[in-house]
Structures are given as structure tokens and as C-alpha cells.
Amino acid sequence: MEMDDDEAILLDDIYALASTPNQTIVTSSFPQTVSPGFLARRNEALAMVEVAVQSTILILTVVGNAAVLAMIVSLSRHKDLGRMYTMIGHLSCADLFVAIFNLLPQLLWDVTHRFRGGRVLCKLVKYVQVVAMYASAYVLMSTAVDRYTAICHPMRSHTWTSTTAHYLVIGAWVLALVFAVPQLVIFDYVEVVPGSGVYDCVDHFRPRWTLPVYITWFALAVYVIPLVVLATIYLRICVVVWKSANRKSTPMINVAARTSGATEQPSLDDASVSFNVADGGGVDLDPSGGGGSLSRHAAQLSHRQQQQQANNVVLSRAKTKTVKLTLTVVISYLVCWAPFFVSHIWSAWDPHAPFEGTEMVITLLLGSLNSCINPWIYLAFSDQLRRKVTQCCPRSWGQRPSTLSHDSTDFRSGSRPTHS
């Protein structure tokens, strides 16, 4: 079938693919390879479905994440919400960035079929689209690191504040901005076929082997490496939670056994030391009765002993709930983006990969769905956010009891301030 000029692929001057089975098109944030059959003619029915689905995802992503951010800002005016809500706010900001700078440009591009913005806008759009993808993954890793510190090293909560969490997220964004720089070189606004008058924003790789190498690097940096890091962190967290669950029947630590030379061991009513993880790993001395010598011994526990004891106490229900929330967000990210990266890596290295236009569009839509469902995950695990929604929409949502469990509502328990 002979192609029209408007539908022709970029040949000698750009792609130099006259003898290769697969050729490159751009329907996502970075290059991908598909068979020449897909390039011959745009499937208008598929394009209409893609535009409709992308529009729905875009609207839900913006509304959902903007609502979560507004609720967090409103709640923070009345009290310190702790680091977990800080990280949820950063995740929502990253998802909004994905919606505005990745989904929206892609939607407009799908509507017009050809890019209409010129050379500068072409490079800028392709750059920020990939920045959004890097940032989404790296902010997610920052959240995992924050939860790892709170659960596995509770004594660090005194120094690991919300400001520290902000710096961690800033580092994630800096990495995203740096790693996306190759997009500025790879993409350009060129005439599809010399003399045709039809321009588009396309990628150009010379030599051609750099195409699969770049796609592989992108998949490693955005998906595979974060997958390994997240799996390692949450494996460690799950081990700590599991060990804590096995000790749930002994939340108080009797320090009488540590008193050398004692012939009698006072009961917990005489003296006890309580390590409150939810309150940042502080130590509560509770002397009563005739346990004066025991109290003096407990007061002389070294910081190292305190940290060892704090790491062995039962985790609060609130912190366990934050682990469930962030783990759900991580699983959602991995599941939604897995088909996208698997199909692109496969197509990059295998000329006969079984992926055509329809399959590529579906994988792209699945990846876009991730930013859309995250706000619902936050609402599912946060009683406080749900209660805020109820207060804003009492008629449609119905009134809920105001006496909720403090630990499940605030992602923490205890009466003293905490940064976790």
C-alpha cells in the first residue's frame, strides 16, 4: 500500500530505516518501535477511544489529587499532621505534574495527530513529559525511605523531620530534571518527508543501535531500579512488622531482669520502662512503690540500649497502617506501568515483537491510570481525609461519627508530638 504524504514515515534523513523491520513512532513520552503496518494509516476509531479515555483519566487525576492537596492544606492549619501527610502531599503534586505536563500534551497531540507547537515547544514537551515520569517514580521511592526510617529506625524520628522529608523529595525532583535532559537532544520538530510540508515532533537516533539502548536505560531508571529499591525497602519493613506482631502480647519491657545481682524481680507495677514508637521512640520511666534502685538503673540506660529497646517494641497500629498505604501505592504503580515497559523493551530489541498500535495504546492508558487511582488509595486508608470529605459534602456522603480511632485517623498514636 502506498502511503499518502501526510501519513508517510520519516525515511532517509531522519530514521535511516529502509532495511529494518521495525520503525519508530512517538505515541508516548519516549520513543517506541512498532511495525511499519501501523505507520501506514492512523486508526481513527482507536484514536477516538484513546482521546476519550485519556480525557477521563486526565479529569479524574486533576480533580482527585487537587482535592487531596486541598484537604491536607486545610487540615494542616489546625495541627501538625506529621511526615506521612507531607509525603502524601508530595505524591499528589507529582501526580498533578504528570496530569498537566504528560497526559494533557499527549491528549492534545492525539487530537491533532501531528504536533503543532514548533521546534522549541516540541523539545520542551518531550522533556517535561519524561520529567513527570521520573519524578513520579523517585518521589515514590522517597516516601518508601521515609517509612523505612519511621518503622525500622524510630529513634531517628527526633532528627528526621518534615523538613528532612522535603529535602528528600527535592532531591528526587533534581534527579528527574537531570535524567530527562537527553530528551532535549533526541527529539526535534522536522518535516516528515522533505518537500511534503508536513511537520511533526519526532525522535532521531544515530547510530540506530542507540534507540534500544536508550529505551532500556529509560526503563531501568524509571521502573526496574525503583522496583528493586522499593522491594528491598518494603521487605525490610515487612520483616520488622512481622517481628513486632509476634511481640504484641508484651508491649511493656521489664527492666528488672537487667539489674545484676537482684534476688527478687519487681513486677511491672513496681517499675517499668515503656518505649513509645509512635511518639518518636521516647522513654517513659514509671517508678512506683519501693523500686528506687531499679529506677536509678533504668535512668542510666545508655542511648544505645534505648535504641535497641525501641527497635524491639510493638509497632503502633497507626504506623502499620502507613505501611499498608504506601505499599498499596507502590503495588499500584508497578502493576499499572509493567505492561508499558515490558512491551517497549521487547519491541526495542525484537523486530518481530507481537505489539502493534492497539497494544501500545492500551499499555500507555494503563500507565496513565496510575495517577488517577492514587487519591482513592489515600482516602481508603485515611479516616481523617474521609472525614474531611464528609464535612465538605455532608449531603452526598452522609455524616460519619466524629469519634474515630486516633491512631488510624492521624497515622500515629500517642499524645506527644511526632514527626513520623
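Placed from the backbone N, Cα and C atoms, the Cβ positions cover glycine too.
Per Swiss-Prot, the feature compositional bias 'Polar residues' maps to 399-420.
Under the three-state DSSP scheme, C201 (disulfide bond) falls in the strand class. The annotation disulfide bond is assigned in Swiss-Prot to C122-C201.
The N-linked glycosylation site annotation in Swiss-Prot covers N22.
The region 'Disordered' annotation in Swiss-Prot covers 397-420.
Under the heading topological domain 'Extracellular', Swiss-Prot lists 1-54 (among others).
Sorting each residue of the topological domain 'Cytoplasmic' (76-83) by its DSSP state yields 2 helix, 0 strand, 6 coil. If you look up Swiss-Prot, you'll see 76-83 (among others) marked as topological domain 'Cytoplasmic'.
Annotated topological domain 'Extracellular' per Swiss-Prot: 105-124 (among others), in sequence order.
Within the topological domain 'Cytoplasmic' (146-166), the DSSP-based counts of helix, strand and coil residues read 17 helix, 0 strand, 4 coil. What Swiss-Prot records for 146-166 (among others) is topological domain 'Cytoplasmic'.
Across the topological domain 'Extracellular' (188-212), the prediction's mean pLDDT works out to 86. Feature annotation from Swiss-Prot assigns topological domain 'Extracellular' to 188-212 (among others); the stated evidence is sequence analysis.
Annotation comment: Swiss-Prot describes 234-328 (among others) as topological domain 'Cytoplasmic', evidence class sequence analysis.
Here Swiss-Prot flags 350-360 (among others) as topological domain 'Extracellular', drawing on sequence analysis.
The topological domain 'Cytoplasmic' annotation in Swiss-Prot covers 382-420 (among others) and is backed by sequence analysis.
Here Swiss-Prot flags 55-75 (among others) as transmembrane segment, drawing on sequence analysis.
Same-chain residues lying 6 or more positions outside the transmembrane segment (84-104) and placing a CB less than 8 Å from one of its CB atoms are 29, 54, 57-58, 61-62, 65-66, 68-69, 72-73, 75-76, 128-129, 131-133, 135-136, 139-140, 142-143, 146-147, 150, 162, 165-166, 169, 322, 325-326, 329, 368, 371, 374-375, 378, 382, 411-412, 420. The feature transmembrane segment is assigned by Swiss-Prot to 84-104 (among others).
Per Swiss-Prot, transmembrane segment is recorded for 125-145 (among others). Under 8 Å from some Cβ of the transmembrane segment (125-145) lie the Cβ atoms of residues 29-30, 87, 90-91, 93-95, 97-98, 101-102, 105-106, 115, 117, 165, 168-169, 171-173, 175-177, 179-181, 183-184, 186-187, 201, 218, 221-223, 226, 229-230, 233-234, 326, 329-330, 333, 370-371, all in the same chain and six or more residues away from its ends.
Look at Swiss-Prot and you will find 167-187 (among others) tagged as transmembrane segment, backed by sequence analysis. Residues of the same chain lying 6 or more positions beyond the ends of the transmembrane segment (167-187) and with a Cβ under 8 Å from any Cβ of it are 26, 30-31, 87, 90, 122-123, 126-132, 134-135, 138-139, 141-142, 145-146, 201-205, 214, 221.
Put simply, of 55-75, 213-233, 329-349, the stretch with the most CB pairs closer than 8 A to the transmembrane segment (361-381) is 329-349.
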